[in-house]
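J.: What follows is a structure written as structure tokens; I'll ask about it next.
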Amino acid sequence: MKAYQRQFIEFALEKGVLKFGEFTLKSGRVSPYFFNAGLFNTGRDLARLGRFYAEALVDAGIDYDVLFGPAYKGIPIATTTAVALADHHDIDMPYCFNRKEVKTHGEGGSLVGSDLEGRIMLVDDVITAGTAIRESMEIIKANGADLAGVLVAIDRQEKGKGELSAIQEVERDFGCAVISIVSLGDVVTYLSEQDGMDAHLAAVKSYRAEYGV
């Protein structure tokens, strides 16, 4: 685990974005942890979040031309990532996001920002079922662009309905890399390094043994 990944886990814990306990997911599974990126909800939080996304992008070394943030959660993520790339890595990357509702006046259309062209890096908070990615793919294809990759905050490394995780299904279906700032494996490593986290570590390991990929 790299320094920025450890710092991201600490940041998520500090802000209550990453919590340990018992949480019933939409799937009905009872998870020993929960990740709610919506709690990164101040200007300072968003600025820090962008730096972690930018760090993960630079670390991954994937070639792309435009950042795309799917509405709604992806919009501030794409924006802050673009700012962080410019401020901290001297990479001036165009960004774009979509509207859920097509605008019929003014500039019109469903896209805001840069043209959606070339190789697209999609940024979002998490991939749960891959639905948002599939919807975004329709937009990307309709503009004649290609999906270069997907970046999310955390990879739960958890089976979906079959044997693959939602992220593995996206990689299989769209032939692109899906990268994350951290994975569940990184969270396990972090917990194992902390004093007083044995109960949470045991619960996460047990959950991973049952549902992990």
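We number each residue from 1, going along the chain as drawn.
For all residues, glycine too, the Cβ spot is worked out from N, Cα and C.
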J.: Among R6, R51, R99, R156, which residue does Swiss-Prot annotate as binding orotate at the site that also has F34, F35, T128?
T.: R156
J.: Which of the three DSSP states, helix, strand or coil, fits K26 (5-phospho-alpha-D-ribose 1-diphosphate binding site)?
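T.: It is coil.
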J.: Do you know offhand how many angstrom separate F34 (orotate binding site) and K26 (5-phospho-alpha-D-ribose 1-diphosphate binding site) by C-alpha?
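T.: Here the two Cα atoms are 12 Å apart.
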J.: Could you state the whole-number distance in Å separating the C-alpha atoms of R156 (orotate binding site) and I127 (5-phospho-alpha-D-ribose 1-diphosphate binding site)?
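T.: Computed Cα spacing between R156 (orotate binding site) and I127 (5-phospho-alpha-D-ribose 1-diphosphate binding site) is 9 Å.
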J.: Rank the binding-site residues F34, F35 by the number of other Cβ atoms within 10 Å of each Cβ and report the first-ranked residue.
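T.: The residue with the densest Cβ neighbourhood is F35.
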J.: If I take the Cα of T128 (orotate binding site) as reference, which of the binding-site residues K26, K73, K100 has the closest Cα?
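T.: Going through K26, K73, K100 one by one, the closest to T128 (orotate binding site) is K26.
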